[in-house]
Amino acid sequence: MDGDKKYITGEELKQHNKEGDLWISIQGKVYNVSDWAHEHPGGDVPLLNLAGQDVTDAFIAYHPGTAWQYLDKFFTGYYLKDFKVSETSKDYRRLASEFAKLGLFEKKGHITMYALASIALMFCVVLYGVLCCQSVWAHLGSALVLGFLWIQSAYIGHDSGHYQVMKSRGYNKFAQFVAGNSLTGISIAWWKWTHNAHHLACNSLDYDPDLQHIPVFAVNSTFFNSIKSCFYGRYLDFDPVARFFVSYQHWTFYPVMCVARVNLYLQTFLLLFSKRKFPDRALNILGILIFWTWFPLLVSCLPNWPERVMFVLASFAVTAIQHVQFCLNHFAADVYTGPPKGNDWFEKQTGGTLDISCSSWMDWFYGGLQFQLEHHLFPRMPRGQLRRVSPLVQDLCKKHNLSYRSLSFWEANVWTIRRLRNVAQQARDLSNPVPKNMLWEAVNTHG
C-alpha cells in the first residue's frame, strides 16, 4: 500500500552526492549506487555528476530496456516525496518509448560493415602507395587517404562505444580495439571517459571536458576567472600565456585543428599510464602499442625525411575536418556553469548543440554526427536512424519553444569563428575587462 512507503525529499536526496555516498532517483524510486560507481560500464563520472537528483531522462537515454531489471538491487526502500515530471520530459520519454517499440535502437543496417570494408580498402591503398610507389604525389595521396581512414575509424569507435554495432559484446569490443586503439592510436578508454562526461554535462563550462581547452581556446569569458575543471580536478589558469593565445584564437583555430591529433595521443598516454582505474587497461595499452608499431614503420618506409614529415603532417591535416566538425557542434551553442541537472536534461541538450544540415548522400562524411541534437537525445540510436527521427525532434522542440539550430557547414563555421573572435576581443581588454565582459555575457547568453 502507498501508506507503507518511505519517502525522502529532494533536498534530502541532494545530500547524497559525494564519492562513496551516491544516491539517485529514477522515476521517483531512490537508489544507492555508491559501490557500483567504479563498476559502471559508463564510468563513475556520470554518476558523480548526476548524484543527488532524479536522473530518469538520462537513464532512459543511455540504457536499453533490459537495464531496468538490474535496478532493484540498488533500491534503498525510499521514494522521492516531491517527485514531479515536466511536460517536456513526459514528451521526451513518450518519444523514446515509441522509438523503442519501432525497434529503431536495434535496426543498425549495414553501415558498420560498409565502413569497415571502406577502412580495409583505404588501408590497402595506403600500404600500396607507400610501399609500391616511388612518386612523391603517390605518397602524398596515401597520406590523405590515411587521414580519411582515421576519420571513418573514429566514427566506428564512436558508434561501438555508444551501442553494440556488432552481433555480440565480444565482437563489439574487438571493433573498438581495432578501429579505435590499433588503427587510430586513440584509446577507447580515454574516449569513453571524456565523451560520457561531455554528453551528460553538455556545454557546462566547468564539467564538460570538450569545452576546456585553456590555454589555447576559450569559448566564453567565464574562463577568464580561472575556473576549476570538475572533470580534471584542477584549475584552468587564465595566465598571460593563455590570454595571449585566446586573444588570437579566431586566427589560430584552423591551424591548431590541423595538429589537434597530437593532443589526443598525449591525452591517451596520460590516461593509460595514470593511476586512474578503468576497464581493459591491458587491452588498451596493447592496441596503442600496435598503432605505434605499424605507423612509425610505415613512415620509415618513405625514402627521405622531407617526405616523412610531409606524410605525417598531411595525414594529420585531413583529420582536421573531423576536429572542426566536433567544435562546430558545440562551440557556438549555449553554455552554463555548474553540474548537469536531471530535471532540465532535455533543455540543456537542445541548448548546447548545433546540427549541420546536409544532403543524405553526405551522411557517411559526417558519421551521423551532423544530427548532433538527435544523437545527444538518443545516443544509443544507430546513426542510420537519426535522419528519420529528426523531424519528430524538431516538432518536440517547437512544441516546447526550445532551440533547434541546423546550419550549413559554412554557416556553422561562421558562427564558431564569430564566437571565438568575440571572446578574443574580451581577452585583449587588459585595462578593465570585467564590465565589458558582463555586457558581452548579457548580449550573448543564447549564442
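Here the Cβ of each residue, glycine as well, is placed from N, Cα and C on the backbone.
Listed in TrEMBL for this protein:
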type	residues	note
DOMAIN	5-80	domain 'Cytochrome b5 heme-binding'
TRANSMEM	111-131	transmembrane segment
TRANSMEM	137-158	transmembrane segment
TRANSMEM	253-273	transmembrane segment
TRANSMEM	285-305	transmembrane segment
Inset, instruction - Could you give the residue numbers and ranges of same-chain residues that sit at least 6 residues beyond the transmembrane segment (137-158) on either side and whose C-beta is under 8 angstroms from one of its C-beta atoms? - result: 112, 115-116, 118-119, 122-123, 125-126, 128-130, 165, 175-176, 179-180, 183-184, 186, 188, 191, 195, 261, 302, 307, 310-312, 314-319, 321-322, 367-369, 383
Legend entry - Contact set, same chain, for the transmembrane segment (111-131): CB under 8 Å, 6 or more residues outside the stretch: 138-139, 141-142, 145-146, 148-149, 152-153, 155-156, 159-160, 165-166, 175, 179, 183, 298, 301-302, 311, 364, 382-384
Inset, instruction - Go ahead and report the DSSP secondary structure tallies for the domain 'Cytochrome b5 heme-binding' (5-80): helix first, then strand, then coil. - result: 30 helix, 22 strand, 24 coil
